[in-house]
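In what follows, a structure is listed as structure tokens, so that the remarks can point back to it.
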There are 2 protein chains.
Amino acid sequence: MSNTKENQLWDLLKEQSAYKEAIALTHWDMRTKIPKKGVEQRSEVVGFLAEKLHQLETSDKLKELLDELKDTVTDDVMKRTIEESLETYERSRKIPNDEFKEYVMLQSKSESIWQEAREKADFSLFQPYLEKLVDYNKKFANYWGYKENIYDALLHNYEPGVTTKTLDDVFPKLRKSLTDLLDKINSSNVEPDPSALKASFPKSQQEAFSVEILKRMGYDFEAGRLDDTIHPFAISLNPNDVRITTRYDEEDFRMAVFGTIHEGGHALYEQNIDKKLTNTPLATGTSMGIHESQSLFWENFLGRNETFWQSHYELFKKYAPEHFESVDVDTFYKAVNEVKPSFIRIEADELTYPLHIMIRYELEKALINDEIQVKDLPHLWNEKMVEYLGIEPPSDREGVLQDIHWAGGDFGYFPSYALGYMYAAQFKGVMDKEMNINQIIQSGNYDSIRNWLTENIHQYGKMKRPLEIIEDVTKEQLNPDYLVDYLTEKYSGIYKF
Amino acid sequence: MSNTKENQLWDLLKEQSAYKEAIALTHWDMRTKIPKKGVEQRSEVVGFLAEKLHQLETSDKLKELLDELKDTVTDDVMKRTIEESLETYERSRKIPNDEFKEYVMLQSKSESIWQEAREKADFSLFQPYLEKLVDYNKKFANYWGYKENIYDALLHNYEPGVTTKTLDDVFPKLRKSLTDLLDKINSSNVEPDPSALKASFPKSQQEAFSVEILKRMGYDFEAGRLDDTIHPFAISLNPNDVRITTRYDEEDFRMAVFGTIHEGGHALYEQNIDKKLTNTPLATGTSMGIHESQSLFWENFLGRNETFWQSHYELFKKYAPEHFESVDVDTFYKAVNEVKPSFIRIEADELTYPLHIMIRYELEKALINDEIQVKDLPHLWNEKMVEYLGIEPPSDREGVLQDIHWAGGDFGYFPSYALGYMYAAQFKGVMDKEMNINQIIQSGNYDSIRNWLTENIHQYGKMKRPLEIIEDVTKEQLNPDYLVDYLTEKYSGIYKF
């Protein structure tokens, strides 16, 4: 009997998994291949498939099976699958169907209004939509419930286990360290010269170099592919089909090269999830923060590492234009690591990046807690930019309107970028005790790095929750010191302080 | 009330349409982009989506709505949609569920066994599977029912309205004319020189020329795209997203150029279906035969036409390797139209091609009618090759094992290739009275050709049945004389008889 029920559950999980793959494929196609006129009809197809998946995840039949099996199953994977499915069921069911539908329509409408508002640098167009989005999110947060801060209920969607309190303990300390470093850099006499990187670099050559690095990272091209897109992303259809995209700027190779390494880091996580989790809801990264730790690990600790460029500069020059023959590797390394406050988050250097995140976190936390109003966002944003980064955006296009997240209703998402960065530095702290990372990077064979990540992180998928991973691997809690130490060491070297 | 029922039906049709688009996308992806290791999981996804679609098409709820609405709806599109849906429902429901499932598994298994058998040129491996496939098809044909010949029930799947009798009236006459022409060609002193076409032709240049021709044909690249594949095909996700693929052989441009024009012909049909049919089962080509008439129309009557090459040879040479500077257009034109009996259907010239089809037709008709046995196929095939084409395949790889159709259980499909060819010639006969095709081809602007095809054929999708199209457009029945006249005129010119 119990066996039959388990089979019934497996069948339902496989159905969910089939819809998820079909949805992922339609998304991938819409962002990389779809012809212009196909978009309208496709949006309906995606909506339909998403609704079907939602119905499955919230069906009475599923709930009954989960309840019947939750105390009797012995298999670990099945136990955790049931927990995860029950949580999805309960969170989804707490939102009334009609409100959910209205919200989905609002999201879609808001994204197109946001696009227009950003183009026109006119926040007032977006304001009424953002107000509604904030209201819905407060309402949903109350449906879901929380212990201390209403914002916790939203954080849970992206980084379960992390609370507002965690962030408020960590961020001010991190901010202080970063702004201190920034002051030192600003008073330094060293001036990296990013103009040294400017050379017309054919797309096909940038691609060839990126592919070479991806292969060395261990990205499996038999279980994935690399395509062009406007906004780079990694997407998992299943652990055997994890695709990445990148964007080529022929006048600036950094976009494609660092972007590919970043997305490659995400993809390695998904490709190396234990295959026994396939067709369960556990066959994906455990949280946004842990995911970002993987992409940033590779992008920063490999891609922006001095040893990496010292030992790979000849390889790079094989693909790069002749211009680089006259750029020595030291100039090159300093140029790709220039620290300079700028307006756009996704173009920020690795030192100022977390400051961009904190601004967003503080504002959205205050919004959800009714401490500020949507209409005040533009000037509050600009004030914080001046306070943290010392520069003021010339318009809301380079300010509060730059990111799509809020237009999509994603409140609680931004902190995971900074968390991921701190996690990555913490992981690196542990690795440093077990191996000589620079020596491995120098060898050009990164297998032992990837194997370590797979063994400690990737293989588990959602079997372990994010804080479980952090504690199991690092034997401590979230600790920003590792990141500060890394940045201090690196930038005191570059800027000589 | 009636309005409510109609809305309910529309909702069900939209669901079917969403599944169809998702299935089409997964197929396209599997044949063009999917990484190797993703195939296994994807096959399950496709199977799942296909089962969902099948459930919708055969649901009691759908049947009730169709029955309630069939006599009351007044809208033409809705009327024909109901007819078509009822037919799908009834044919599907006639097959017991367990037999259908067994058959689907047998198909999939047979295709992989066939692949092995073909590689090893060993028919005995495939024979037991083919026997079962024939048995199932006979059984299904009896479930579906027929008036005169059991084979009619299978033909109906691909070319509704055409019967064994139709084919038996037409094929022998066509065969006689073709073999007479072939005799004349064989005794001619003219010898086209296909070696004149051999030159290393970079893929990117072949593609650029193919795209240029596709654009002139009116293929809308905002509602489609062109990709690489092993087996070229056209696929419609919906009329605003119709994709084509082609295969490049850098040593022989004919594969890609004629292949692209052929698939482009299929795609024009699907792109130009009236948009009011979107989301109904009528938003696709009305039959395999009419579809093939469109691809062959463009491939042969445009792509292998003397005026086309005379007026486009300079354009071609802009993309082609220098080698062609020394090949005059007359030599070129004759070389691309060489007639020479050969073993492989898909490599056959346009004159011997229908003979390949007739061999398959005669054999499958006899199989389904219990007049021959599966085990006798190899020697019967070879006998017919000698009789019709004067050559004997060196092994079953170049003989009875060459096509995948029977391995997929597709009996009744082959005739549509020859029907399409005759239809195309008949359509051309009508066009010739209304316009000067050669003059249009010469101008390089084929709009009036495409508009004629859209107005008379494309726009209707499945609103008209295949024989309705033939009669409405040509004011007569299927008539092979047009094809024979076309071939006679063309090849008497080339081979001087």
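Cβ coordinates are placed from backbone N, Cα and C, and glycine is handled just like the others.
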For the Zn(2+) site that TrEMBL assigns to B:His262, B:His266, which of B:Glu222, B:Glu250, B:Glu292 is also named?
B:Glu292
C-alpha spacing of B:Glu292 (Zn(2+) binding site) relative to B:Glu263 (active site, proton donor/acceptor), in angstrom
10
Ordered by sequence, the long-range same-chain Cβ contacts of B:Glu292 (Zn(2+) binding site) under 8 Å (at least 6 apart) are B:Ser416, B:Tyr417, B:Leu419, B:Gly420, B:Tyr421, B:Tyr423, B:Ala424
Sequence gap of 6 or more, Cβ distance under 8 Å: name the residues on the same chain that satisfy this around B:His262 (Zn(2+) binding site), in order along the sequence.
B:Pro232, B:Ser295, B:Leu296, B:Trp298, B:Glu299, B:Gly303
Zn(2+) site shell beyond B:His262, B:His266, B:Glu292, criterion: Cβ within 8 Å of Cβ centroid:
B:Ala234, B:Glu263, B:Gly265, B:His291, B:Gln294, B:Ser295, B:Leu296, B:Trp298, B:Glu299, B:Gly420
Which one of the recorded positions (B:Glu263, B:His266) has its C-beta surrounded by the most other C-beta atoms within 10 angstroms?
B:Glu263
